[in-house]
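S.K.: Pulled from Swiss-Prot, these are the listed features:
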type	residues	note
DOMAIN	3-68	domain 'J'
REPEAT	143-150	repeat 'CXXCXGXG motif'
BINDING	C143, C146, C200, C203	Zn(2+) 1 binding site
REPEAT	160-167	repeat 'CXXCXGXG motif'
BINDING	C160, C163, C186, C189	Zn(2+) 2 binding site
REPEAT	186-193	repeat 'CXXCXGXG motif'
REPEAT	200-207	repeat 'CXXCXGXG motif'
Amino acid sequence: MKNLYEILEVNENATQEEIKKSYRRLAKKYHPDINSGDSEAENKFKEINGAYEVLGDKEKRKKYDMYGDRMFDQGTGGGFSDFGDIFGDFFGDIFGGFSSRSYSKNPNAPRKGSNIQVELEIDFEDSINGTKKEISYKKKVKCHVCNGDGAKPGTEKRQCEKCHGTGIINDTKRTPFGIFTQQSECDKCHGEGYVIDEKCENCKGKGYEIERKTINITIPKGINNGAIMSVKGEGNDGENNGSPGDLYVIIKIREHEFFKRINNDIVFDMPITYAQAVLGSKIEVPTLDGIEEFELPEGTQPNTTFKLKSKGVPYLNSNSRGDILFTVKIIVPKKINKEQKEKLIKFSESMNQELNVNEKKSIFDRIKDMFE
């Protein structure tokens, strides 16, 4: 039997609060109502509840720490309550009233189809301006030959004689705490509650076939990278006339060669010449809406950042926008001609670029302070 601490993903020194917190997280993750049609998740959910039934109780945990797995094979004592009772005590609030016994499924009840997840890559500009995109994906649909029954037309599926149509096998053991009953999926019908003797040739008894579906979705302005859009009812078809699942589209935004997005602001480096920085100049700044003129002030220093307000990314479902923040980078030419060189020398001499006395003193004082 698997270590109960490992099942709840905690160490043996974990506090009761840590055990409870981990149990809530795992139970929420693997709950059958979230993982509709996923038998592996359902079995994991049962396993988690079984582990918490022991470790969530101080006295039972103490005996488990003492006897380990042997506690399930011997002795008598106080009885176990149904795992679902523990779950129902506090998960109703989290899940809005999920049934505490929903894992004990009725195999003939309608089952919602499972959800589908796809990724959609879009251009940077499309994430800013919004767009419409076509998505093509594969989904499970009801078999058109057997109408989702799984049995060959003209035949019927029959009730499983091992589980009597419940899809569940009860395994009862005596423990130091009394009788312990654990439910598991019937291995004969695989939890379906029925057996198909003559399977539909088209779907091989599965009741569904794979179909490629194409739909159009609208990408809103300002959508974020990694955002998940849900399209209700476009997932896999349900079983026993259950409703279909949903389609979840994960948005992936391609990087832009020039712009970078930080929240709803656009940032980038803007190259300017030495003369533009010194003299000031009207420069053309690229924006999401086209070219914007900007008055660069005289004496602009390298790496100064300027802002174009409300020229950034639109906020979702809002008319407001972020800003554009561009940082000026002074480009130094690698080569200049003779005339340019002579003029630059004259300019340098006229500026007398030697540091004045006050500037020198200020620098020396700061260096001196570093070593005191």
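Including glycine, each Cβ sits where the backbone N, Cα and C put it.
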S.K.: Are there three or more C-beta pairs under 8 angstroms joining the repeat 'CXXCXGXG motif' (200-207) and the repeat 'CXXCXGXG motif' (143-150), sequence spacing 6 or more?
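M.R.: Between the repeat 'CXXCXGXG motif' (143-150) and the repeat 'CXXCXGXG motif' (200-207), contact is present.
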S.K.: Cβ under 8 Å, sequence separation of at least 6 from the ends of the repeat 'CXXCXGXG motif' (200-207): give me the contacting residues as numbers and ranges.
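M.R.: Result: 142-146, 148-153, 239.
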S.K.: Neighbour count first, Cβ atoms within 10 Å, every protein chain included; then name which of C146, C163, C186 tops the list of binding-site residues.
M.R.: C146
S.K.: Where DSSP helix means H, G or I and strand means E or B, what are the helix, strand and coil counts for the repeat 'CXXCXGXG motif' (200-207)?
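M.R.: Breakdown, helix to coil: 0 helix, 0 strand, 8 coil.
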S.K.: Express the distance between the Cα positions of C203 (Zn(2+) 1 binding site) and C163 (Zn(2+) 2 binding site) as a whole number of Å.
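M.R.: Roughly 25 Å, rounded to the nearest whole number.
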S.K.: Please list, in sequence order, the residues in the chain of C143 (Zn(2+) 1 binding site) that are at least six apart in sequence and whose C-beta is under 8 Å away from its C-beta.
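M.R.: Looking at Cβ-Cβ distances below 8 Å from C143 (Zn(2+) 1 binding site), excluding near sequence neighbours, one finds D149, G150, C200, N202, C203, K206, G207, Y208, E209.
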S.K.: Any residues 6+ beyond the ends of the repeat 'CXXCXGXG motif' (186-193) with a Cβ under 8 Å from its own?
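M.R.: Contacts of the repeat 'CXXCXGXG motif' (186-193) (Cβ under 8 Å, skipping residues fewer than 6 from its ends): 39, 42, 105-108, 159-163, 165-169.
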S.K.: Between C186 (Zn(2+) 2 binding site) and C146 (Zn(2+) 1 binding site), what is the CA-CA distance rounded to a whole number of Å?
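M.R.: C146 (Zn(2+) 1 binding site) has its Cα 24 Å from the Cα of C186 (Zn(2+) 2 binding site).
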S.K.: So what's the average pLDDT for the repeat 'CXXCXGXG motif' (186-193)?
M.R.: 87
S.K.: Can you tell me how far the Cα of C160 (Zn(2+) 2 binding site) sits from the Cα of C146 (Zn(2+) 1 binding site), in Å?
M.R.: 20
S.K.: Starting from the Cβ of C160 (Zn(2+) 2 binding site), draw a 10 Å sphere and report how many other Cβ atoms land inside it.
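M.R.: A 10 Å sphere around the Cβ of C160 (Zn(2+) 2 binding site) contains 20 other Cβ atoms.
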S.K.: Treating G and I as helix alongside H, and B as strand alongside E, what does DSSP give for the domain 'J' (3-68) in helix, strand and coil?
M.R.: 47 helix, 0 strand, 19 coil
S.K.: Calculate the distance in Å between the alpha carbons (Cα) of C189 (Zn(2+) 2 binding site) and C146 (Zn(2+) 1 binding site), and round it to a whole number.
M.R.: 19
S.K.: Please count the residues of the repeat 'CXXCXGXG motif' (143-150) that DSSP assigns to helix (H, G, I), strand (E, B) and coil.
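M.R.: Its residues fall into 0 helix, 0 strand, 8 coil.
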